[in-house]
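Remarks on the structure that follows.
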Amino acid sequence: MRIDVLSIFPEYLEPLKLSLIGKAVTDGLLQLQVTDPREFATDRHRTVDDTPYGGGAGMVMKPEPWARALESVLRAGSDTTARSGSTAATSASAQQATRLGPDDDAAQPGDAGQGTAAPDYARTGGTPGAGRAASSRPVLVVPSPAGEVFTQEVAYELAEEEHLVFACGRYEGIDERFIEWARDEVRVRPLSLGDYVLNGGEVAVLAMVEAVTRLVPGVIGNPESLDEESHTGGLLEYPVYTKPAQWRERTVPDTLLSGHHGRIARWRRDQQLERTARRRPDMVLALDPATLDRADLAVLAAEGFTLRDGQWQRCSPAPSEQAPEGARDMA
């Protein structure tokens with residue numbers, strides 16, 4: 001997978017060099033490049049913003065530097081893909097070497113309109129996205145409080161892509177014409193972390209990139225851990241414990257110490273259902289009843305959720321007024 005981030009504050013993305021993502025880049029599982037649109041500005045002051053038409057507070061990001069920056073990373077990405085495909089066809093042993101890695105070509109400041117164009121650029125007069133099937137085009141993610149909510153499901157969808165580009169807007173946002181133009185070159189996906197506003201897109205991109213890349217095969221050492229996390233299967237994760245068994249007058253639930261795998265699995269499932277019902281009742285209402293067994297339904301009923309004509313009904317009193325979370329132990 002190749003990931004490009006467009007930001008006028010590239011230092012903000014330094015944490016992506018750390019931990020598992022940094023290791024994945026070193027190992028060649030990911031290619032990660034940060035590009036500053038300021039390097040594509042045309043004036044000596046490298047201006048990337050201006051006042052909004054129609055008046056109002058704040059500044060708006062100018063479209064041309066962003067368009068040039070995007071064109072640059074699309075050329076670099078397409079060139080990498082073309083070379084990878086050619087190398088893979090040469091020999092089976094070369095396939096491993098063609099995985100995207102830190103030594104592949106990447107967008108460099110000021111290279112808009114330069115470099116070796118990929119074949120489809122040459123056929124279409126230098127337009128990065130033209131002549132390419134829509135489903136094969138890179139995805140441009142634009143963090144925005146006006147976008148669709150970024151969820152674990154969206155993370156899984158993005159993890160299937162070969163090339164992601166993130167545009168970190170600032171101030172009042174990027175000129176809408178850039179977004180409209182980009183739709184002819186890439187698949188544009190405005191995404192929001194939630195119902196709140198940040199100073200810029202960098203914080204959101206850090207979260208999104210981590211959520212997406214950890215789903216790429218090989219990035220997480222134990223892929224089975226992904227199956228037990230919150231939001232997998234529509235439920236929150238169960239509580240976890242480690243040694244010592246007793247700490248400051250608090251003990252690990254007896255079931256987890258029993259060694260009985262069936263009881264442990266049931267306890268964890270019950271905890272997932274309880275926690276989801278109390279913290280995220282909206283997720284319970286979205287559960288498919290066909291995926292639940294009798295024991296599941298009993299736990300949810302105790303938390304105030306019952307089925308009527310195949311539809312979830314929430315009873316009173318609210319689950320938060322019931323027994324403390326985690327009080328039930330099956331030992």
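Using the three backbone atoms N, Cα and C, a Cβ is placed for every residue, glycine included.
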Out of 172-191, 272-291, 312-331, let me know the one Swiss-Prot marks region 'Disordered'. 312-331
Please determine which of the binding-site residues listed here (G169, G194) has the lowest count of neighbouring CB atoms within 10 Å. G194
Give me the non-local Cβ neighbours of L198 (S-adenosyl-L-methionine binding site): same chain, 6+ apart in sequence, Cβ-Cβ under 8 Å, ordered along the sequence. P143, A204
Among G169, L193, G194, D195, Y196, V197, L198, the record's S-adenosyl-L-methionine-binding residues, the widest C-alpha separation in angstrom comes to 17
